[in-house]
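Pulled from Swiss-Prot, these are the features on record:
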- Leu121, Gly125, His126, Leu127, Glu245, Ser354, Pro355, Phe356: (6S)-5,6,7,8-tetrahydrofolate binding site (BINDING)
- Lys229: N6-(pyridoxal phosphate)lysine (MOD_RES)
- His228: site 'Plays an important role in substrate specificity' (SITE)
Amino acid sequence: MLKRDMNIADYDAELFAAIQEETLRQEEHIELIASENYTSPRVMEAQGSQLTNKYAEGYPGKRYYGGCEYVDKAEALAIDRACQLFGCEYANVQPHSGSQANSAVYMALLNPGDTVLGMSLAHGGHLTHGSPVNFSGKHYNVIPYGIDEAGQINYDEMETLALEHKPKMIIGGFSAYSQIVDWKRMREIADKVDAYLFVDMAHVAGLIAAGEYPTPVPHAHVVTTTTHKTLAGPRGGLILSNAGEDMYKKLNSAVFPGGQGGPLMHVIAGKAVAFKEAMEPEFKAYQARVVKNAKAMVAQFQERGYKIVSNGTENHLFLVDLIDKDITGKDADAALGAANITVNKNSVPNDPRSPFVTSGIRVGTPAITRRGFTEADAKELANWMCDVLDNIGNEAVIEATKQKVLEICKRLPVYA
């Protein structure tokens, strides 16, 4: 018999220890991975609810199982809030991840072998935008576009490629691009070749919800996003559209039964909570601080002589180009990690090193801002990072930096 007081600590000491260690790591490390964030206790409460027990294949009001009347309410809330938050007619909240949301779009709109125009992974795109190692690169004819010497998306190149190759779909969006994207220009290019415009806004969804970054929703046929990252919800995916009933039916069928079976109702409940939180004034203020903190860090890195890809940032992330410093991204990642500062190694444009080594690091501010970092704190943090990078391998500098990190983490806990 199941009892309410059952717990992991008394039953599975090994797993409980791992959970406790990760909890401590999150509290004592500064998180700068651009795709990571801290979700709220309310979201975690929803994810730990009894909704996890319910199988609900299908959609609200059209389920294949009985007993779905209450999970229907939860999913309807999530759908309505997503539509309200992003200004659209249609939302599918069932994708288990951003990659599965993207996969559903491919399935709904393309046939294997169709031509797709997507941002090169080496220039800031995502695996699912046509990387050869991903399903998108294996099953479709992908033509990559990139950024120019100034670090801006080269729309003229994109148009030339579109006119030459006549893609059926053009993909906008990125995983490592720090500038404003001209969604309107992308749609104009797509219209010239009668292509779908599909935008993956996963990295900037929170900024878009808060009005801190231009929305692609009025321009794209389909938009996808993750629900974590800047949106700060549970890990999951979301599909949005204003393109009409025929499109909505294709997308729904591609998610279920096309790519998934039963949805994760506890995660959908978490999404509903997160969308409600994203409509609060505090969330909008938070997103504004995310951008300010990123700009403050960029300014400090540049003052210390570090090259920033695209020469700045207009969102939550930026890339530090370490080629001139003769430091690998892998070594920078390890040195900063030893000082309790978590980043990820990242390729930079025209990177001479492999993706497993790289010549850069990607830095993002959603998580530090979530725990209360101000612009002054962000500037100070950038200085600490430069100290470590200027002295790669110097254990004394790493240890001194680690102590500073522990102090600020104690002052600004993730969960107070």
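Using N, Cα and C of the backbone, Cβ positions are placed for all residues, glycine too.
The DSSP secondary structure for Glu245 ((6S)-5,6,7,8-tetrahydrofolate binding site) is helix.
Take the recorded positions His126, Lys229: by the count of other Cβ atoms within 10 Å of each Cβ, the lowest one is His126. Annotation note: His228 (site 'Plays an important role in substrate specificity') sits in a coil segment as assigned by DSSP. Spacing of Phe356 ((6S)-5,6,7,8-tetrahydrofolate binding site) relative to Lys229 (N6-(pyridoxal phosphate)lysine) is 23 Å (Cα to Cα, whole number). The CA atom of Gly125 ((6S)-5,6,7,8-tetrahydrofolate binding site) is located 16 Å away from the CA atom of the residue listed as 'N6-(pyridoxal phosphate)lysine'.
Taking the Cα atom of each, Glu245 ((6S)-5,6,7,8-tetrahydrofolate binding site) and His228 (site 'Plays an important role in substrate specificity') are about 28 angstrom apart.
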